[in-house]
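I have placed the structure first, in the form of structure tokens, so that the comments after it can refer back to it.
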Amino acid sequence: MKQLLKDSWWNQLKDEFDKPYYQELREMLKQEYSSQTIYPDSHDIFNALHYTPYEDVKAVILGQDPYHGPGQAHGLSFSVQPGVRQPPSLKNIFIELQDDIGCSVPNHGSLVSWAKQGVLLLNTVLTVRRGQANSHKGKGWERLTDRIIDVVNEREKPIVFILWGRHAQMKKERIDTSKHIIIESTHPSPFSARNGFFGSRPFSRTNAALEKMGEQPIDWCIPDLPQ
């Protein structure tokens, strides 16, 4: 099969792409992309893995499925493309970021700068139909993204897993807590942010954990883009 990922992830995951479930998922996606409006663009599906090589992962922020509005999703959990209005959950993430470590709120919603520093921004489902949340749930993506979580968990080097909300916290059973750190709270969505997300200080706590491991902390402050 054609190599879909850069070497570091391909070496970990290539066997998955030959399995029957992935072949079925691939056929479904071919039909969906040819007959429906699907997000993100097919070239962006694996951006979480393209921006953050396997050996560079320091932290994981798990999301659910991609944003389903025009121009939003680009393959990174919680992130939107520059020039697109920040969705409510992302606005709340930036409020907590400001309260936690004093970063000013950026003039865009792209989290690429985090991904390039080793933050794996992984959704558990990697595609969605326009305007239909969870439309590709249960189609096979979860098996692949569970395997991604597993190969990260298998690494010797400790990692910080940031789990916001029940959906992400269901993955706790896949994480070896004798080796890795879990930081969790409610989801940053407007429905739950005030019930434990605000004030949870995930960014400073992640950096404190990384420094304790002897790792470079993450510069969470996101630079503004030129207007």
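Every residue, even glycine, has its Cβ placed from backbone N, Cα and C.
According to DSSP, D65 (active site, proton acceptor) sits in a coil region rather than a helix or strand. On its own chain, D65 (active site, proton acceptor) has N123, T124, V125, L126, T127, V128, A133, N134, H136, K137 as residues at least 6 apart in sequence with a Cβ closer than 8 Å to its own Cβ. The active site, proton acceptor annotation in Swiss-Prot covers D65.
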